[in-house]
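In what follows, a single structure is set out as structure tokens and then discussed.
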């Protein structure tokens, strides 16, 4: 027998609200034992003049032993919306045995035809081939170019002082005394690098955990895991941020530690976790970073006076390099962005974390290759401002991701109104910012290793 759970006094205001919801195809989502069920509010007649509300919810729950393994909802009881009437809302529950295993109860919600479509496989293959091509191209160009540079610089070592003075000095070797100069605003820079390394560690660990455990089977498990892992990996932030700040001669390390600890949580406002978990662990990482790898050990000494930066062509300016640096990394992930956006905003369950791991690896490789090439050309133009340039050129990937979110909003969703628009673009801004900081840190770390390598192999008087 159906049971009544509420009664609605349908005045004109409530009737207009229901009509608005029916016209715009509103639907609702509920959970029973973490299993989602969906239903529509009502429907209109063929002429669009009369509107009807579904008032009877028929729930059919399947169980296996003492566990719920299946839930289905059927909406019945169509009632015409007429002002100044009373409408009773009722429901009934039917229990039935099911052969579905508890660990397989989410299988029917997965959409293999969507996530494992040929386009998805093709995008992964295409990105992978682009990585092979880019890595091969970068290796070939840099090895050939650097070999010539090393040969020329070795030949210059054999010249006497007068011949060297009369010769033309150019190229990346000429800025050896300035290339390891501390970046501008080292406190903010080191905090961004530390936060980016932590975000990368969180992304990697959460994806691995999701591949091993089906986190989508419990509501909120993915978010809870990410928050816990973020708090636990705070020493990563402190170590990389604190050590970089110390190598750049920073003295206000406590202030840097606070900025590094609260830079990302400030966007999500998890204050208690910040103060009682993240800050103490970040302190441990900062102390370890300053003591273990905080001493400058650059292969070249830093000049006391900064070298003048010569004029160069417009496309070698850091601002241009920053704008163009994020195109290829974005191109390697934009197909995956569509599936991630769809799983979040269209309420599909994302479960192909193997694809996500491959895309993360591809993104890291492409980002490092692009920033190395950009930095090499910048240094060859005798511009030693590579630190912020390498970070921002990789972080500009986030700008293209945020621009793509505009396309997705207007052409792939049906959202409208101030609340939905601000909610969507607010979340996309947080996501893009975190992605940009992570890519920036990856780009800087890879470029830093490259810069140290090439200057280590050059004899400096």
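Placement of Cβ uses the backbone N, Cα and C atoms for every residue, glycine included.
Among the ranges 155-177, 224-246, the stretch that TrEMBL annotates as transmembrane segment is 224-246. Which of 258-279, 280-301 counts as transmembrane segment depends on TrEMBL, and there it is 258-279.
A contact between the transmembrane segment (423-445) and the transmembrane segment (187-212) is present, since 3 or more of their C-beta pairs, 6 or more residues apart, lie under 8 Å. Remark: the transmembrane segment (391-411) makes no contact with the transmembrane segment (119-142), by the rule of 3 or more CB pairs under 8 A.
If you count C-beta pairs under 8 angstroms between the transmembrane segment (319-341) and each of 119-142, 187-212, 224-246, 353-379, the highest count goes to 353-379. Beyond its flanks by at least six residues, the transmembrane segment (119-142) meets 328, 331-333, 335-336, 339, 352, 355, 358-359, 362, 365-366, 369-370, 372-373, 376 of its own chain at Cβ-Cβ distances under 8 Å.
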